[in-house]
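Asker: What follows is a single structure, and I will ask about it in a moment.
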4 protein chains.
Amino acid sequence: MTLRIIATGGTFDKHYNELNGTLGFADSHLPEAIARSRMTVDATLEQLPLLDSLDMRDADRARVLASCRAAADKAIVIIHGTDTMRETAAVLGAAALDQTIVLTGAMIPYEIANSDALFNLGFACGVAQVLPAGVYVAMNAQVFPWDNVQKNRAAGVFQTL
Amino acid sequence: MTLRIIATGGTFDKHYNELNGTLGFADSHLPEAIARSRMTVDATLEQLPLLDSLDMRDADRARVLASCRAAADKAIVIIHGTDTMRETAAVLGAAALDQTIVLTGAMIPYEIANSDALFNLGFACGVAQVLPAGVYVAMNAQVFPWDNVQKNRAAGVFQTL
Amino acid sequence: MTLRIIATGGTFDKHYNELNGTLGFADSHLPEAIARSRMTVDATLEQLPLLDSLDMRDADRARVLASCRAAADKAIVIIHGTDTMRETAAVLGAAALDQTIVLTGAMIPYEIANSDALFNLGFACGVAQVLPAGVYVAMNAQVFPWDNVQKNRAAGVFQTL
Amino acid sequence: MTLRIIATGGTFDKHYNELNGTLGFADSHLPEAIARSRMTVDATLEQLPLLDSLDMRDADRARVLASCRAAADKAIVIIHGTDTMRETAAVLGAAALDQTIVLTGAMIPYEIANSDALFNLGFACGVAQVLPAGVYVAMNAQVFPWDNVQKNRAAGVFQTL
């Protein structure tokens with residue numbers, strides 16, 4: 001079993017820019033988070049352009065799909081913004097690849113106190129190795145099939161349709 | 001699907017006592033870690049006496065087994081010290097309960113920088129909901145069956161026999 | 001010697017709102033930071049409206065001055081946004097009160113990794129008790145007189161004129 | 001004004017060794033803490049052997065004194081264990097150097113949640129630049145003269161005699 005972790009940005013990887021006081025993207029936190037997990041599973045980190053998921057276009061989702069297709073790994077975790085996680089999951093789900101693909105992200109950036117990022121990464125790395133082939137969203141310690149999930153923006157949680 | 005999280009102590013829950021400069025146990029960090037995960041799955045935290053797993057005796061393992069037996073939950077995560085995680089897993093494995101029981105812990109306490117605790121909690125909460133009934137150890141982003149796992153103390157990682 | 005700490009907002013106290021992904025203000029971090037310092041000096045925390053210092057108007061600065069005037073404490077620390085720290089310092093300096101007033105803040109919010117907030121709070125609480133009466137800005141481990149300080153926005157540091 | 005920061009160990013710099021579960025010394029946290037402070041004052045970090053202050057012998061205190069004597073800096077901060085901070089302060093105080101020497105430390109290691117280390121470092125870096133020549137202990141947001149300070153071990157705070 002090998003594991004591929006694909007970074008695409010989202011809240012998980014937002015970074016505070018102290019010069020202008022905004023949250024944006026710099027280096028991914030995934031290398032640090034992965035080292036911190038002490039994972040001994042054979043894992044590869046693939047870093048795609050880091051985007052706010054509200055800025056993701058069709059071409060960006062196609063690139064995520066291409067990365068999955070090109071990967072020999074049966075287990076894939078995708079770190080993604082929460083706002084359009086469902087849309088990317090739908091693109092991947094429609095492709096019906098013979099891999100277990102789990103999208104996750106965070107409600108609070110990895111570098112901010114009280115973040116769920118590391119929990120979610122662990123959760124996704126676990127279920128990606130155990131679930132049958134398919135595309136899933138893993139948030140709030142739950143696994144959702146790609147075609148039955150939505151973000152409840154008012155509550156800040158994921159739920160079924 | 002409901003989830004039970006059983007706290008038994010171990011490095012995960014070690015707390016720095018500033019009056020005497022030692023690491024021991026006070027309140028569990030699990031309530032904070034669970035809140036931080038934003039889990040919406042129906043989860044119950046059960047706190048047993050918090051022990052260094054080197055101090056765990058047969059009666060302590062029997063108590064963990066009793067908690068599993070008494071639980072209606074099909075998915076159980078046990079937070080446990082790493083040094084004798086395998087021994088407790090063996091006691092639970094021999095009981096052959098119809099539940100998915102996942103033991104995890106941490107190499108660095110939750111409250112110390114660079115801790116793997118939150119990752120491991122997420123990983124265990126994920127696989128506990130997805131694996132078939134049985135007893136497993138989840139560390140280093142890997143799932144080990146209870147009867148084929150050991151801690152490599154020199155390297156600080158878990159591996160098969 | 002008594003110490004007054006006046007919270008007025010600024011980057012120090014910015015809080016990540018997970019529902020809309022923005023940094024704003026909620027409860028001040030000062031109570032936590034003060035508890036963490038284990039200060040035994042007789043200190044009072046006074047919380048004024050928490051503002052981004054770019055949003056501070058004359059009336060807001062007048063309120064800060066009024067708080068200083070009303071205080072019996074000889075040592076005062078003001079937590080303030082960095083962008084207009086100099087302007088508020090000038091208002092306080094012109095009043096020529098018989099108190100030692102030290103303005104400080106942070107380049108990275110208290111709740112974000114790598115924050116300078118706690119260091120700056122400690123620095124300011126120290127020099128406020130030791131410097132002669134006057135108004136000072138304390139940032140980057142330096143003390144600046146109120147009428148000879150500016151923020152170098154490009155470099156993200158404070159310096160003399 | 002130049003500042004010298006001398007690391008001698010103590011709780012401030014304790015590091016959790018995940019292989020044996022104990023707190024000891026590895027690399028000092030001072031480089032990270034100093035970077036985090038964004039200090040622009042001309043500062044030099046001098047790292048002496050990192051010791052638990054209960055293990056400090058006369059020769060160790062003599063080495064700290066020698067470092068102060070050899071320094072051209074007028075402001076010196078010494079990071080020290082709390083248990084014998086007073087004893088080292090007495091050795092330095094008796095030498096009556098023409099420098100401002102401030103000893104500080106931490107009740108909780110820098111790398112552990114809720115640590116006072118960064119606050120204390122900031123406090124000491126501030127008062128070391130402002131106080132007249134002499135030897136001081138700075139803990140709990142208070143400045144104590146070297147010959148009128150003691151650690152109240154039961155309460156975990158410093159106080160006058």
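Cβ from N, Cα, C; glycine included.
Just so you know, TrEMBL annotations never went through curation; they're auto-generated.
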Asker: So TrEMBL lists D:THR82, D:ASP83 for substrate; which of D:SER53, D:SER115 goes with them?
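Answerer: Among the candidates, TrEMBL records only D:SER53 at this substrate site.
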Asker: To what whole number does the mean pLDDT across the domain 'L-asparaginase N-terminal' (D:3-155) round?
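Answerer: Within the domain 'L-asparaginase N-terminal' (D:3-155), the model's average pLDDT equals 97.
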Asker: So, three-state DSSP: helix, strand or coil for D:THR82 (active site)?
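Answerer: It is coil.
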Asker: I'd like to know which of these recorded positions, D:THR11, D:SER53, is least surrounded, judged by other CB atoms within 10 A.
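Answerer: Sparsest of the recorded positions D:THR11, D:SER53 by Cβ contacts within 10 Å: D:SER53.
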Asker: Within 8 Å of the Cβ centroid of the substrate site residues D:SER53, D:THR82, D:ASP83, which other residues of the same chain have their Cβ?
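Answerer: The answer, listed by sequence position, is D:GLY10, D:THR11, D:ASP52, D:LEU54, D:HIS80, D:GLY81, D:THR84, D:MET85, D:GLY105, D:LYS151.
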Asker: Less than 8 Å, Cβ to Cβ, versus chain B; work out which of the recorded positions D:THR11, D:SER53, D:THR82 satisfy that and list them by sequence.
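Answerer: Near chain B, the qualifying recorded positions are D:THR11.
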Asker: Let's check the environment of D:THR82 (active site): how many other CB atoms sit within 10 Å of its CB?
Answerer: 26
